[in-house]
Amino acid sequence: MHFGDFQSICLRTALPLCSVVSSETRLDEYFVTGTLPECYARAVELSNTMIYEVGNAFIHIAGIFVCFIILFNVKRKYTAIARSEMLIFFYLFAALTIASLLVDCGVSPPGTSSYAYFVAVQIGLVGSCCWALMVNGFIYFQIWEDGTTKSLLFLRLTSFLIFALDFIVAFITFKSWSNATVIKTHTTMLFIVMYIINSAFLFIFVISQVILVVTSLNNLWALGAVLLGCFFFIVGQIILYVGSEPICNSSKHYIDGLFFATLFNVFSIMMVYKYWDMITTEDLEFSVAIQETGIAWNGTNNNNIKKQMKESVLTRSELEFKNNGEMKNLLEIS
């Protein structure tokens with residue numbers, strides 16, 4: 001094994017990409033493409049349909065519901081910092097969860113022509129999520145104004161570019177494009193994109209938030225949420241890449257490391273939301289006034305909303321003044 005080779009990884013855990021890449025140092029006798037893990041979760045036949053990673057599928061479904069709950073709560077925090085940007089991040093994670101559900105359960109089974117597309121989309125969404133999380137971390141410092149058209153356009157455009165880059169790197173590796181200079185056994189670039197670059201995004205986010213909490217916020221609960229999220233993520237990765245085979249053998253092939261890795265990833269996302277909820281303060285009076293007056297909120301221009309709120313308040317004051325004047329006139333007449 002050398003740097004960028006997926007041999008040892010694919011032997012220990014059943015990653016989706018292991019079915020479409022091969023190793024330079026180990027090519028299976030019967031599996032020319034792909035590396036078969038030593039132990040993996042068994043498939044279940046239901047109505048003449050093979051369903052893979054059944055236990056992991058339930059975690060993905062639960063993760064989708066968690067994403068919907070988080071999105072609902074984020075949308076209700078009308079004046080919270082980076083509200084619209086966080087919505088983009090959680091939308092990306094929801095899309096990643098759905099893509100992972102389709103890939104892990106075998107909607108497009110390994111060996112089919114479309115399987116490589118699904119795996120490449122999954123890898124691209126992972127990169128987009130990591131990038132969007134890092135950008136949101138910088139927005140918390142209020143380096144630029146959140147919720148503006150420029151801020152949202154920047155995040156959407158760069159997230160799409162990261163997705164496209166990761167997708168292309170994965171797909172040309174799976175399909176052996178570029179005149180055979182990039183083939184299924186040349187996985188160094190894919191390894192760098194998946195593990196080095198994405199890890200750098202996450203590392204920058206964590207360090208920046210620790211600096212923010214320690215130097216500016218002085219909120220130990222927020223720091224605890226960051227550390228707990230890191231704990232869940234790291235434990236999930238250790239179980240995935242180190243403990244998958246023992247778990248698979250001890251559970252008699254019903255579950256493997258992907259089950260716990262997915263579960264702990266959901267916990268990590270919950271901690272990301274909890275951290276954001278702790279460090280953002282909402283003007284409750286302003287929020288309630290928006291709902292009472294029926295002012296439309298699109299999260300793109302805070303100044304326009306505040307202007308509408310002021311106009312609404314002035315209108316109410318004028319009405320109260322007018323009503324008070326009418327009452328005085330009635331009292332004088334009586």
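For all residues, glycine too, the Cβ spot is worked out from N, Cα and C.
Taken from TrEMBL, the feature transmembrane segment applies to 57-74 (among others).
Among the features that TrEMBL reports, transmembrane segment is placed at 86-103 (among others).
The feature transmembrane segment is assigned by TrEMBL to 115-141 (among others).
TrEMBL lists 153-172 (among others) with the feature transmembrane segment.
Annotation comment: TrEMBL describes 192-213 (among others) as transmembrane segment.
Sequence annotations record features per position, and here TrEMBL assigns transmembrane segment to 220-242 (among others). With a cut-off of 8 Å between Cβ atoms, the residues of this chain six or more beyond the transmembrane segment (220-242) that come close are 9, 12-13, 202, 206, 209-210, 213-214, 257-258, 260-265, 267-268, 271-272, 274-275, 278-279.
The transmembrane segment feature in TrEMBL is assigned to 254-273 (among others). Within the chain, the transmembrane segment (254-273) has long-range Cβ neighbours (under 8 A, six or more residues past its boundaries) at 12-14, 39-42, 53-56, 59-60, 62-63, 66-67, 70, 73-74, 90, 93, 100, 104, 133, 225-226, 228-230, 232-233, 235-237, 239-241, 243-245, 247-248.
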Dominant neighbour of the transmembrane segment (115-141) in 86-103, 153-172, 192-213, by Cβ pairs under 8 Å: 153-172
Remote residues contacting the transmembrane segment (192-213) - C-beta distance under 8 A, at least 6 residues beyond either end: 4, 123, 126-127, 130-131, 133-134, 136-138, 140-141, 165-166, 169-170, 219, 222-223, 226, 230, 233, 275, 279
Contacting positions for the transmembrane segment (153-172) when only residues 6+ beyond its ends and CB under 8 Å are counted: 17, 85, 88, 92, 116-117, 119-121, 123-128, 131-132, 135-136, 178, 182, 189-190, 193-194
